[in-house]
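TrEMBL has this to say about the protein:
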REGION    27-50  region 'Disordered'
REPEAT    63-103  repeat 'Hemopexin'
REPEAT    105-156  repeat 'Hemopexin'
REPEAT    157-202  repeat 'Hemopexin'
REPEAT    270-314  repeat 'Hemopexin'
REPEAT    315-362  repeat 'Hemopexin'
SIGNAL    1-28  signal peptide
């Protein structure tokens, strides 16, 4: 451990801080601020929804589930039901064939926005109906479609219940998860191999969705969040509490009117962000009071998540964090926890450990690394030191 030169420290510190101004904590000018989250979550407020409104009644009805849910290439959340689609968490539905005329009438069995290494395929919208699949890029039907599902994804059955894309950093490979009844299938886009998953808790999904690194299975009028690797799930919730705007619903509904309660979860509340971290995949995290934000998710919306939703067992405030060779180091007081970013944020066995034992320091107010350098820069109080 040694003191860095002023020039080196200044250069790296400038690089680290350049991440911050792009995401202001204060108010945005009209028309320039970030979009609201597509769901009825911490990232957006639904406003005044009235059950006297016919469209609200249909969207929030207890007599049926959505047939499919997906994000489009603009980050809008699409809710398919019968012959109609809602674009976003509130407002009026539109006929499905008004946007996708080649599809004809509904219902849509399954839908997803694909994540693919090929730029010509990436972000295309896949719509499934019966034995066929339609693929749209920039709102236009791709050449050669519709085609049989089995020709597009060998071995995958028709008349699906739902499907969801799986990103490699969360699933260890690029692929699709298909649901039909209680059967769950994993299709590897790189190898073309199809495997069946023995998931006891996940199945019978009327719709499925990936949003902001999280995977959801809608089961009628409820949904569950699941781990795409293990199939583990936390308690069920209701779509009207998180994804669509309904009168008197929403997690923390009453608390949305309490500015003090809501402030830590509001990006623009003015409360300080306590730590930042970025990785080579372009993911940018900000931490505040037991919550974190993905600041690179502008297209798909914003949301504040509890730390434990992504990093198992992690609670409380984060003092400093940095990412080194696909490992995220999270410093809290005199301890450090290390998580594998390439394995779904899995906690490394044996952690947390003492900060002095692991890094030879007593504490940290901030920490960062420089691209291509093996050095870690740690700021505590008015001093900065480097760790090799």
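Cβ atoms are placed via backbone N, Cα and C, with glycine included.
No curator has checked TrEMBL annotations; they are predicted automatically.
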The repeat 'Hemopexin' (63-103) and the repeat 'Hemopexin' (315-362) contact flag, 3+ Cβ pairs under 8 angstroms: no
Residue counts (helix, strand, coil, in that order) that DSSP gives for the repeat 'Hemopexin' (63-103): 7 helix, 15 strand, 19 coil
Number of helical, extended and coil residues in the repeat 'Hemopexin' (315-362), per DSSP: 8 helix, 21 strand, 19 coil
